[in-house]
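Structure first, then comments.
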Amino acid sequence: MGSQVLQILRQGVWASLTGGWFFDPHQSTFSNCFHLYVWIFLLTFPFLLYMVLPPSLMVAGVYCLVVAVIFATIKTVNYRLHAMFDQGEIVEKRNSTMGEQEEDAAQADSSLPRDSGVEMTVFRKVSSTPPVRCSSQHSVFGFNQVSELLPRTEDSGPLRAAEETGKRECTSNVRRTQAIRRRHNAGSNPTPPASVMGSPPSSLQEAQRGRAASHSRALTLPSALHFASSLLLTRAGANVHEACTFDDTSEGAVHYFYDESGVRRSYTFGLAGGGYENPVGQQGEQAANGAWDRHSHSSSFHSADVPEATGGLNLLQPRPVVLQGMQVRRVPLEIPEEQTLMEEAPPRAQHSYKYWLLPGRWTSVRYERLALLALLDRTRGVMENIFGVGLSSLVAFLGYLLLLKGFFTDIWVFQFCLVIASCQYSLLKSVQPDAASPMHGHNWVIAYSRPVYFCICCLLIWLLDTLGSAQPFPPVSLYGLTLFSASFFFCARDVATVFTLCFPFVFLLGLLPQVNTCLMYLLEQIDMHGFGGTAATSPLTAVFSLTRSLLAAALLYGFCLGAIKAPWPEQHVPVLFSVFCGLLVALSYHLSRQSSDPTVLWSLVRSKFFPELEERSLETARAEPPDPLPEKMRQSVREVLHSDLVMCVVIAVLTFAISASTVFIALKSVLGFVLYALAGVVGFFTHYLLPQLRKQLPWFCLSQPVLKPLEYSQYEVRGAAQVMWFEKLYAGLQCVEKYLIYPAVVLNALTVDAHTVVSHPDKFCLYCRALLMTVAGLKLLRSAFCCPPQQYLTLAFTVLLFHFDYPRLSQGFLLDYFIMSLLCSKLWDLLYKLRFVLTYIAPWQITWGSAFHAFAQPFAVPHSAMLFVQALLSGLFSTPLNPLLGSAVFIMSYARPLKFWERDYNTRRVDHSNTRLVTQLDRNPGADDNNLNSIFYEHLTRSLQHTLCGDLVLGRWGNYGPGDCFVLASDYLNALVHLIEVGNGLVTFQLRGLEFRGTYCQQREVEAITEGVEEDEGCCCCEPGHLPRVLSFNAAFGQRWLAWEVTASKYVLEGYSISDNNAASMLQVFDLRKILITYYVKSIIYYVSRSPKLEAWLNHEGIAAALRSVRAPGYADSDPTFSLSVDEDYDLRLSGLSLPSFCAVHLEWIQYCASRRSQPVDQDWNSPLVTLCFGLCVLGRRALGTASHSMSASLEPFLYGLHALFKGDFRITSPRDEWVFADMDLLHHVVAPGVRMALKLHQDHFTSPDEYEEPAALYDAIAANEERLVISHEGDPAWRSAILSNTPSLLALRHVMDDASDEYKVIMLNRRHLSFRVIKVNRECVRGLWAGQQQELVFLRNRNPERGSIQNAKQALRNMINSSCDQPLGYPIYVSPLTTSLAGSHPQLRALWGGPVSLGAIAHWLLRSWERLHKGCGAGCNSGGNVDDSDCGGAGGLSSLSNNPPLAHPTPENTAGSGDQPLPPGPGWGPRPSLSSSGDGRPPPLLQWPPPRLPGPPPASPAPTEGPRPSRTPGPGLLSSEGPSGKWSLGGRKGLGGYDGEPASGSPKGGTPKSQAPLDLSLSPDGSSEASPPRTVQDIPCLDSSAAESGTPAGAPGDWPVPVEERESPAAQPLLEHQY
């Protein structure tokens, strides 16, 4: 702990104060000296120039030139050295200290090609608590100075020859090892493979074994070797040897290490992991201490050879250790394990690199890349080097210019020089990690923060001083404040000067973000508060959004200036001003409906004008499964643009007419207050009263909502949420508020202010007044369109403050309203921050997560005033207020945009499409639950994308605004939804899914948000109870001191219900396994008979020849994997599987499956079909046995083999099964789906064991499962595609490997509507906790997994919020990309509003109106009938200006909330029958509800037949030239759905896609006789072919799938076909 604090103080605090310089004891002396001298030069050089030389620009130029030369030299050398390491031209130098044998070996090895790797320093971890006093990280293995202590004696010739041979081979091995090390280090891995580095040469071992010396050198050995040898004397042949690697724990291995006192000790490993430590330490070695210390810092080690003694004593023998480059030091053992020492230890064989000075001239450089990285930061390119040199010169010039101006005196001159030095030094060696760095590791962007901010502040100081001296603007008084005066500019200059001097402390606290974050934040704040824009999602989108707003303001400014410069008549409004008002409202409406992200818009433009780019992008994306989401988004944006094209024109014309009517001038004394009162009443009722009545705990007093949804009392939700009357009222009042009241308020203020300016010119010039009117009008209108919930309060405060409290300060209502909107947004932030702080530090509910929290709680009390000042500043600059280390001490963080996170982090699923095959086979990729469960959050994101914006408009989430955070909680799904961009009809959000089975702290917080408080009857210390449906006093008090509240307890959203069954319990006994094997065999037979390639397989000569032997009498496959206990057709007489026993059990099933084929095949017992089925069934069972390692009697191997086959790992090991390679479809389309279907049938067997006894029932069950169910492994990309395509049901076999369990589960998914609790969290609580985690983990380096800041705190949901941070700060299992939800994709809202208005919709409405009028006139003239009877079921009168087709039949979605009773189930609710011909020769009639009013008996119901459904061809067109009603008449239809009998939902297999099906409006006869020829499918009359096929309700978009529970997704059909 102490060393970690010192490290933080050294590398964090001190480096932040100095700009990056600190003393690092783990670096070389050269590195520390270089850093120190450079920093001292940068500090003292400008100070001495200022103090010694006279102030002049010449001195400033010399200073800049010197700095530029020095930085250019350093940057150039650094860049060239990195280029030298990248090229890797190595020059080896032989060391003169080596023996002749080593030189010879080096010469012999010089002919080998040398690796062009990069030599790097070695990392060595130091452990504080070695496990056995002799940690592998502390042991001086190969401490081979033993040879230095041994007397040099003359050995015999053969022994010397063996030693020389061993040395030569060892030297060769050393060089090979060095080459391997260089290659390994080039891959950024500082440790070479142990298998390569730890094996001594085999020849040397043989030479050591062959020695038979009887020397008496043992007396001169160190005491450690004596001790180890004596302990092992009792074991005959005990091999006492010196450890060759850190991991050498074999018997007799001796390790050397330092103990806590710095004394060298040894440890000898014994039998079975035991060991013996030398208790004497250094006995007998004191005389040799000088030799040991003299060589303790050598860079490589040599083993000492000790001959083998007689009597069974094996002493250490010389063995060269191959690991090079390790440096031995006396290291204190209290250094923590996390600390890594970078030790620059040059290898024995010294390597140099060629550094090219000039073409053809180079010099030798001995250096390493890691040492260079520790010396200087690496720059990324030439332009970055040039930019760094220029920026350092600019810092020098601007800094010295301020010194020349005399802004600093006395000690502040030195302080300013310190700031200059820190800014320049950060360009050479920056602070890593910085307090404002959002990421771990080296952040190259943060290195430019200090110099860029310094240059900006210096320019600001110089500019403000110049403006204060020159006075270019006349002073202006605004709200009592004098602006643009000399004192104003000088005061601002002094503030900037003090801020610049405080740079070291500002960057220490991390109050300034990195440059790109600051740019994005400033652009977003200007666009939001200045022009009413929405939040940005990236710096590029921020630039795009602000540019778009500036262009709109520039266009409007010209009209406004021209209108107020012209004289106004007394009671008339100029036409130019009316044009300005019309354009202002129309442009504001259009901009409010556009997202700040231009990606989708650019894709539309690219597909329209640059189709070749679109085709190129499509070709690159064809490798992945097609995702329908981008096309849906483009279609939705296309609809928005088409609608805006019409609506903007309509809005501009209407606004022009209203403005030109002089109603605002004639009624200006009364109309304004009427509009203010109306806006206040409607806003209070819509955004306060209705949301409070719909909350789970209204006003924290009632225990139940007053206005309850229909699903509130349901225990289990069965369908989509129905639209209630109060939801319609809420949406309607919002429309009135957005499109009528607030535009009228802004237009009235614009007209009155413009008339006042023209009549009585004020202190502002006309140009400034026109600019203020344009910007204020644009901002207020866009804010009212985007986020109306807070507008009524802003308007109320404006009226109360400037009309009643301080009317003399008013600058015109428009400007007052604009300023008050800015002030109110900051006050809301301040209110949320104060609520968060008071809730977090309330003493009666605070939870101390660590001892530091207990210390900080009383310490923070005296600093409450400072806390309030920080809250004011953070509210002003919209910065988070984060608790320090999760305690009660709060500090202000740096400014962030609403998106908060600088990185675009989102989860990438690990499956078979992005992992190697060997990884899939050896270890299951993503076998953990988190990776597999992330798909459910991805599906939840897709569901929210369809419905979130519409649900927000309907008020189902309560009041909302940009930056708000919500928690969705259900039985197993817990996700945090962060709203980022809120526009008019669009919402951009990000979902962060938490773990299914979270930690203990997470479970406690989940219980807090899901449990009810209705049963709490406490009041202080007693329990008197409470009134019915009213909270008790304790419950009401506790709910008010929470940072969250439940806004909805029954929020319905489409998702998947998950059920898992333990596979071990279902296959425990042999009878259950026999049932599974039987279904496995029957499934294989089914897929063989259904395969379209069956004829080819039966006629294949290779397959027939391989299977011919199975028909021989007495043939049986006697594989040991087959047994009587699991195989039903096991032939006990022949001890294997034979064809007669197989036919005795399965022949009936084979014949039935063959009879269901369209083409007959031979079904005899010895037919090729039966033989093929027998061969495949034997192959499949043998593959299962092979995967189970032929251990079918045990459950675990059986489950392992079943899971291997389920994921497609078939391993054909028997030569008798190699015939299957004749066609791999036999495995892919027969055996593989067979094992998966068998698991499903085995699941169904438990519910009804006798259901599949009959072949017909089993055949139909398999066919039904094949059609509606996807059975796949969860690592298969088809699994993800099926879930995202809303497949009704899925099944998988999951292998769960946890720390304490290893089990197999059968996962079953069923698509249904789920119920969630919606919890709104204080957004400042979320931002503050996120900022605290980032500071604690990145800057303060707290890596404790049980740190106090993530302990549970129910009042703030601290654990859940901190867990949702981006990895590695948090641990969410899924983080979605930024997703945009549009209101047009919500089916209920679309049915309520009628869909978007476009030119095509208007033309369609006009044609339908003409048709209705024409048919009505014809019916009235002929039979006296009314118009409604002759219309299409009366639907024409309910049409709107929408391109949306009318209702085909009532569904739960389009009838929800209508107030009517639900319709009884009819034929339209059932599955779609096939379009087969009926008995009268006509196609089956179309189902409809209600029945049409047609005379005569209804047509006969169609008889279901099997076979593929015919596809529907497009209709003839929109208009038909001829018809019974005359020329150019529209097609007649029978009722809402055409002919009765065909449902309006579902899509026939292979039918026309919805996006391609044109409107079928052709006229057809009212009836047809029996003799009339049968019509084709395309002549079947239908109201709208796209509506009939898509099954969407009225108002539902054709391209967005409607969440109908009984409807199968068309996108899932190709997956089913591909699987089966």
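Using N, Cα and C of the backbone, Cβ positions are placed for all residues, glycine too.
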Residues flagged as transmembrane segment in TrEMBL, choosing from 386-405, 826-845, 1066-1085: 386-405
Tertiary contacts of the transmembrane segment (673-690) (same chain, 6+ residues out, Cβ under 8 Å): 707, 726, 729-730, 733-734, 736-737, 741-742, 744-745, 748, 788-793, 795-796, 799, 955, 959
Overall pLDDT for the domain 'Pecanex C-terminal' (1163-1387), taken as the rounded mean: 88
Tertiary contacts of the transmembrane segment (484-512) (same chain, 6+ residues out, Cβ under 8 Å): 13, 16-19, 407-408, 412, 415-416, 418-419, 422-423, 431, 434-436, 449-450, 453-454, 457-458, 460-461, 464-465, 467-469, 471, 473-476, 518, 879, 891-894, 1335, 1339
Contact set, same chain, for the transmembrane segment (443-464): CB under 8 Å, 6 or more residues outside the stretch: 19, 377, 380, 388, 391-392, 394-395, 398-399, 401-402, 405, 407, 419-420, 422-424, 426-427, 430-434, 436-437, 489-490, 492-493, 496-497, 499-500, 503, 507, 512-516
Chain residues in Cβ proximity to the transmembrane segment (36-53) (below 8 Å; excluding those fewer than six residues from its ends, i.e. six or more beyond): 18-19, 21, 23, 59, 62-63, 66, 70, 396, 399-400, 403, 413-414, 417-418, 420-421, 424-425, 428
